[in-house]
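Taken straight from TrEMBL:
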- 7-27: transmembrane segment (TRANSMEM)
- 10-299: domain 'Sugar phosphate transporter' (DOMAIN)
- 39-64: transmembrane segment (TRANSMEM)
- 76-97: transmembrane segment (TRANSMEM)
- 103-123: transmembrane segment (TRANSMEM)
- 130-147: transmembrane segment (TRANSMEM)
- 153-170: transmembrane segment (TRANSMEM)
- 191-209: transmembrane segment (TRANSMEM)
- 229-249: transmembrane segment (TRANSMEM)
- 256-277: transmembrane segment (TRANSMEM)
- 283-300: transmembrane segment (TRANSMEM)
Amino acid sequence: MATNKQTLFVLSLVIFWYSSNIGVLLLNKFLLSNYGFRFPIFLTMCHMSACAILSYFSIVVFKVVPLQMLKSRSQFLKISTLSLVFCGSVVGGNVSLRYLAVSFNQAVGATTPFFTALFAYLMTLKREAWVTYAALIPVVAGVVIASGGEPDFHLFGFIMCISATAARAFKSVLQGILLSSEGEKLNSMNLLLYMSPIAVLALLPVALIMEPNVWDVTIALGRDHRFMWLLLLLNSVMAYSANLLNFLVTKHTSALTLQVLGNAKGAVAVVISILLFRNPVTVIGIGGYTITVLGVIAYGETKRRYR
């Protein structure tokens with residue numbers, strides 16, 4: 001009976017995790033491309049604001065996870081550095097959604113393991129077995145094929161998407177280096193608690209300079225579309241819940257299960273986005289994405305075996 005309850009609990013977590021991750025991705029695309037809200041930096045700032053506020057309530061008030069205090073100025077500076085890289089990756093991803101279909105965005109994002117392996121080698125000289133690196137060839141080849149078969153390919157959008165993917169990988173490697181000592185390690189929820197306010201402070205002046213008419217347009221859209229503010233609020237809350245649920249799924253499942261679920265999540269997001277946005281796809285594009293996903297699966301398996 002206890003096993004059944006645990007299984008049902010984990011299954012519920014996975015469903016909510018999928019819903020929040022895919023939901024925030026699709027809402028980002030809808031707001032930035034279909035709704036006339038063309039402010040990816042401000043949108044990212046809204047996400048970070050929600051993460052800052054909800055992290056505080058989750059950890060400090062409701063004690064979902066124990067609060068980990070910062071212990072030194074050095075630790076704060078390291079977290080600030082991670083926050084800026086994190087900002088860059090999220091902004092880049094949101095900017096790319098203005099120009100690229102969600103399906104192609106996900107195909108490019110699936111190359112994260114390639115950049116992680118690259119940065120791990122360049123920054124830490126950490127080497128994997130040759131067969132592990134060989135598994136990365138289809139990861140890159142699949143995106144090259146998908147790019148050639150993408151009907152709505154946009155060069156600037158592609159550059160922003162690949163930059164966001166590289167920044168995400170860079171942040172994970174950098175995090176392993178900067179917060180490597182036991183005294184400075186933070187779980188992902190506490191890290192988000194400290195990174196989010198820093199991200200808001202960094203993004204505010206950038207948004208005001210690069211998106212100067214954001215307030216006027218947002219207020220105008222709020223008048224014309226009665227659900228505008230609700231969508232923006234829902235989108236921001238889902239951005240936080242995606243992080244919270246990712247933490248909980250990681251806590252209650254194995255690394256292998258998480259990897260399989262992560263790969264499947266990307267495929268589900270692609271299918272739903274095609275059904276919702278009706279963006280044109282080609283057999284070459286689908287084939288390229290499939291090759292990339294299979295490469296990611298092979299990479300994860302070889303890394304696990306030859307660790």
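Backbone N, Cα and C atoms are what each Cβ position is placed from, and that goes for glycine too.
In the predicted model, the domain 'Sugar phosphate transporter' (10-299) shows an average pLDDT of 93. Remark: the transmembrane segment (76-97) contacts the transmembrane segment (191-209), by the rule of 3 or more CB pairs under 8 A. The stretches the transmembrane segment (229-249) and the transmembrane segment (39-64) meet in space: the count of Cβ pairs below 8 angstroms, excluding pairs fewer than 6 apart in sequence, reaches at least three. Beyond the transmembrane segment (7-27), the same-chain residues lying 6 or more positions past its ends with a Cβ under 8 Å from any Cβ of the stretch are 47, 97, 102, 105-106, 231, 234-235, 238-239, 241-242, 245-246, 248-249, 252-253, 261, 265, 268-269, 272-273, 276.
Note on the transmembrane segment (130-147): residues 104, 107-108, 110-111, 113-114, 117, 153, 158, 284-285, 287-296, 298-299, 301-303, 306 of its chain, located 6 or more positions outside it, place their CB under 8 angstroms from a CB of the stretch. Counting Cβ pairs closer than 8 Å to the transmembrane segment (103-123), the top stretch among 39-64, 153-170, 191-209, 256-277, 283-300 is 153-170. Tertiary neighbourhood of the transmembrane segment (191-209): same-chain residues 39, 41-42, 44-45, 48-49, 51-52, 55-56, 59, 70, 76, 79-80, 82-84, 86-87, 91, 175, 179, 243, selected by CB-CB distance under 8 Å and a gap of 6+ residues from either end.
Remote same-chain partners of the transmembrane segment (39-64), defined as residues 6 or more beyond its termini with a Cβ less than 8 Å from a stretch Cβ, comprise 24, 28, 31-32, 87, 90-91, 94-95, 97-98, 189-190, 192-193, 196-197, 199-200, 203-204, 206-207, 210-211, 214, 217-218, 232, 235-237, 239-240, 243-244.
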